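Here is the structure we will look at.
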């Protein structure tokens with residue numbers, strides 16, 4: 001079955017990552033999954049949150065936002081609503097947990113890394129694109145820290161992290177859903193994996209029809225395939 | 001391996017559900033998973049949110065809260081902080097999605113069901129207890145609606161829903177983690193299922209160590225076993 | 001005149017106090033005045049507010065909340081409204097002032113007691129029940145502090161405190177109004193007293209008809225009678 | 001015993017009421033109780049709150065504020081804190097309840113009266129001054145409404161309202177406490193009465209020492225004396 | 001052309017400044033530009049904002065507010081809206097910048113001056129009246145600081161500051177617009193100047209018709225004339 | 001005098017405008033003034049604010065934001081602070097006023113145009129770049145509306161609008177300050193003009209040294225020169 005967008009069921013969208021997209025941040029990237037575009041920056045600041053003070057550890061925290069007209073109809077600006085919505089909080093908590101899993105925090109002495117993922121244009125998969133793009137910006141920020149003498153050792157980075165969404169669409173597993181597909185998929189599954197092939201996070205939601213264990217395993221297989229390709233891309237980009 | 005709390009790896013805590021726990025709500029239940037205690041109420045109100053107006057549909061929305069001293073150390077009251085935290089929003093969105101999956105909304109004409117889950121005492125698994133307890137309160141609320149002539153047909157309820165948490169603890173899958181276990185578990189997985197044996201939601205997070213596909217399947221098997229027992233309990237309670 | 005609820009004008013509702021209702025708080029109680037049910041906890045924390053720093057004193061502060069469906073029709077959750085309402089603030093200020101009057105703060109060295117009163121079900125008199133129940137939880141919290149060596153002397157507690165509401169209903173003074181009575185009472189008077197027979201707080205409001213000095217004195221006499229009975233109950237409960 | 005400020009125990013401060021203090025409001029007054037100065041305005045607007053729609057009734061609501069430097073040390077502006085404090089809400093609720101007791105709301109057809117009391121300078125007794133001053137502004141606003149044909153009948157105003165504070169100071173009852181006296185008074189009692197000699201509201205708080213029934217009655221006698229003088233003043237001012 | 005209010009195009013309204021209008025603030029003034037009335041206070045507090053800590057400097061910050069019925073129709077109280085509006089923030093930033101330009105902050109060692117401008121009645125030109133009145137209160141506050149030994153040198157005050165609005169009204173430049181004129185002026189220009197004849201701030205807005213360079217220069221000439229008169233008035237008031 | 005950045009005093013930075021930068025908005029542009037980069041979108045929605053209802057008019061409103069790491073050091077996200085800052089509000093009010101001056105609102109029947117200007121990277125002049133870029137996006141949005149039949153006439157657009165900043169830097173007037181220059185400029189002046197050569201808005205602030213009338217006229221001359229060049233650029237871009 002060909003998809004509306006012409007892709008095969010197991011085919012990723014065209015992915016582009018532009019490193020050093022902004023001039024101030026220690027690490028930054030523009031990541032594009034088809035028409036989904038996210039600016040990811042990593043900022044390095046001294047100090048840690050109160051619950052970590054005096055433990056010789058570091059911290060990483062993430063924030064997520066969307067420009068009001070990143071979507072088909074304009075959304076109210078969260079700064080005007082006076083608070084971040086539930087979806088935003090859910091996503092930025094996921095990004096933070098995922099990237100913290102890439103680092104050995106005990107080697108990040110009293111430093112906080114702020115990850116900002118701001119969606120310029122949304123066409124499905126913004127949270128998985130954010131994690132994947134922020135990982136690249138994070139590697140660049142670590143390099144800057146090392147150059148500045150902030151990091152003594154190489155082993156702060158435990159492994160790379162990448163993420164993709166999969167779904168059940170008309171009864172078939174599909175890789176990397178765009179907005180149209182996502183809107184009518186029966187099930188939506190976000191997967192975060194390490195470059196060593198383990199899982200960091202899986203979040204599956206039956207939007208319309210409950211799913212079976214077999215569906216889950218089929219979707220996870222597809223996700224593994226997609227994430228393997230994404231790791232290749234991350235490596236290629238970072239090798240330049 | 002015996003657990004600290006004396007349970008077997010595949011053993012649920014003692015679960016108690018007290019129906020009609022409060023006198024005003026159309027449906028209500030106190031659910032206890034060991035020392036975790038949650039008051040669940042379902043309130044029926046006329047009207048639907050703006051995005052559903054004029055479609056002849058109904059809606060169900062959930063809110064979650066915790067008394068400040070439901071936990072070992074006191075948490076700031078969210079009404080004083082001026083907003084619900086990210087964890088709260090994440091949980092109440094999960095409860096809402098899960099319970100909506102139990103109903104055929106198109107038969108709930110211009111009515112909104114408000115589900116409130118308030119944790120009186122927290123010892124791990126508050127979100128899964130909330131879903132499980134609210135399902136019972138929801139059935140009772142539907143009965144009240146039917147008595148009052150609000151519902152024409154029997155088939156509003158598609159199936160029952162229940163939820164449990166599982167985790168990897170010292171390398172082994174464990175059912176229904178309490179707070180102590182949850183704090184040191186490598187992986188935490190929340191599972192929501194239908195009484196017809198399908199999945200509504202799975203959310204797995206590697207807190208410490210990434211997990212493997214085999215771990216995931218072992219945890220899901222355990223979750224299915226636990227949820228099957230919980231469905232029996234729900235049925236028994238509702239049969240009284 | 002018999003009341004709608006079958007009580008005599010000078011008769012309290014059935015009052016029950018369950019000590020140690022929750023497992024974490026230093027002191028806790030469930031108090032029931034008929035169908036009004038409030039969970040009261042007292043949490044002990046090191047540190048005092050800024051205005052007391054360095055004075056060797058302690059502090060006690062109270063917060064009050066209501067579950068959304070504690071009442072006949074559901075109220076919006078204050079954590080979602082983004083602030084506590086005027087009624088809530090008024091009540092929690094009253095609870096705090098009343099309980100502070102029970103203690104010699106100068107002997108509570110750099111410790112803050114947080115009193116949380118959360119209404120599970122409301123049928124009139126929630127503020128007076130809160131004060132009465134929190135007093136019991138406070139005594140238990142002081143015992144825990146003493147066991148832990150936090151308190152050197154016995155005389156921190158100056159006297160017990162209890163509270164009840166009275167009102168003018170169809171021209172007659174009535175003790176301990178329930179919600180139905182309260183809604184149509186001409187005057188509502190909340191009274192807080194010490195176990196030594198003095199007044200800590202009186203708040204009287206003519207809801208419908210202005211009241212006379214004679215009415216006030218009749219209501220106060222009734223309140224004194226009711227509070228004397230409540231002190232007996234508190235003592236009996238604490239003697240177990 | 002002479003008071004610090006040279007007054008007798010039963011002596012009011014010098015009270016001045018300036019009618020029509022601002023040019024836009026339907027009714028307005030500057031009230032001065034010694035150094036306490038409050039601008040009171042009454043604004044007339046069409047429409048009523050939702051809970052009164054379609055009942056042919058009116059409503060009156062009050063708001064209270066204090067300029068940041070109305071006091072000895074500057075207070076943070078509530079518009080910057082982002083919310084009104086508990087004391088502010090408590091006071092404005094009291095002002096609203098008190099003034100509503102002066103009117104027959106059923107004759108105020110679909111009109112809302114907004115009472116604003118803004119303290120320019122605070123030296124004790126701001127809430128009682130606010131009620132007393134706003135009553136005068138309210139009478140003037142009713143006259144404007146009548147001129148404009150908004151009110152068919154004379155009997156909207158049931159009676160005048162006035163308020164004063166009394167207290168126990170060094171064991172003696174004192175009338176109309178200023179800030180210095182209030183800060184060290186054992187008990188503080190705010191009294192609102194009708195011009196027909198009945199009580200609308202009494203709020204007594206033992207700040208330092210619990211009070212006896214005899215104290216309460218002595219304070220109320222003093223309050224009645226003071227309020228009687230205030231009614232004379234209100235009448236004289238309104239007669240001009 | 002005579003103006004609606006009878007003034008000449010280059011004529012200020014009657015301006016009155018009452019020094020020491022409130023008893024607590026280190027400096028205070030009531031300023032009246034015709035029917036526009038603003039209470040200005042200057043409060044002196046130890047400490048500076050974080051970004052100035054440890055630099056031996058001082059700071060001045062301004063806040064602006066309006067009583068709800070300072071205007072023809074009542075505005076919602078900002079403390080109830082939960083935030084200051086854009087206009088308010090814009091004005092208080094202007095007041096702060098303008099008055100900071102009057103002082104040599106490096107001689108104001110670790111002290112913050114809080115300027116509060118609260119509009120009691122608004123009839124156009126509230127921001128320019130605020131700046132002009134607050135300047136007088138500031139001089140008085142500096143005198144108090146000097147008396148108290150807080151200031152070693154005379155030269156903290158670099159020059160006086162005053163402000164006026166001008167506009168194009170029916171094609172002609174007009175000085176000191178009142179509300180009616182301002183509402184229908186083509187262009188509105190606020191000017192802040194030093195007593196040494198230089199500009200601190202100009203803000204010109206074409207409300208209806210774009211303006212030409214010649215208009216701008218005509219308006220500035222008028223503003224200079226008006227501000228010169230205002231400086232004379234400030235000096236006369238401060239000489240008493 | 002050569003500037004630090006190598007430009008002449010009267011030289012603009014390199015300006016680039018990319019039309020249709022995002023795929024959903026009716027009009028959109030990325031505008032770059034050197035390293036300052038702003039995404040401008042114009043969204044067309046039916047309906048007008050309450051104060052315009054039933055008048056057959058339209059409205060245009062603008063919002064401004066900055067990505068947290070658009071600057072050298074990271075700023076807190078306004079959605080997390082819970083409100084927009086004073087600077088943000090001031091800028092978005094300026095953008096809105098300026099663009100409204102370009103349109104004949106009476107021909108925009110019951111439609112609201114939302115202008116969003118989001119700064120991706122900030123290097124001085126973000127507000128003037130926002131106005132200039134949003135003008136281009138606005139023209140494209142009007143074209144879309146016309147294609148869709150929303151606009152009957154050509155004359156909705158009265159003229160183009162553009163904006164630039166100028167300043168006094170080391171005693172000399174300079175065009176289009178970058179961040180480094182702006183930080184140490186004595187005076188900063190933002191100018192908004194029509195393509196017909198008139199002024200819409202001028203805002204001049206003496207940051208360090210008060211300025212003279214001659215300085216102002218020199219800066220305005222420079223601004224006119226710069227804006228004339230910008231209009232040429234806008235026209236060239238729109239001609240493609």
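Heads up, the Cβ atoms here are built off N, Cα and C, so glycines get one too.
The model shown is predicted, which means the values in this text are computed figures rather than measured ones.
Summarising the annotation, TrEMBL assigns domain 'Exoribonuclease phosphorolytic' to A:11-141, A:159-226. Residues or ranges marked as phosphate binding site by TrEMBL: A:87, A:125, A:126, A:127.
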Binding residues A:87, A:125, A:126, A:127 (phosphate) - maximum C-alpha distance in whole Å: 13
CB-centroid shell, 8 A cutoff, phosphate site A:87, A:125, A:126, A:127, site residues removed: A:64, A:91, A:119, A:122, A:124, A:128, A:129, A:130
Least buried by Cβ count (within 10 Å) of the binding-site residues A:87, A:127: A:87
CB within-chain contacts under 8 A for residue A:126 (phosphate binding site), separation at least 6: A:36, A:38, A:66, A:91, A:117, A:119
Count of other CB atoms lying within 10 Å of the CB belonging to residue A:125 (phosphate binding site): 26
Helix, strand and coil counts within the domain 'Exoribonuclease phosphorolytic' (A:159-226) (DSSP): 20 helix, 30 strand, 18 coil
Integer mean pLDDT for the domain 'Exoribonuclease phosphorolytic' (A:159-226): 96
Number of helical, extended and coil residues in the domain 'Exoribonuclease phosphorolytic' (A:11-141), per DSSP: 41 helix, 43 strand, 47 coil
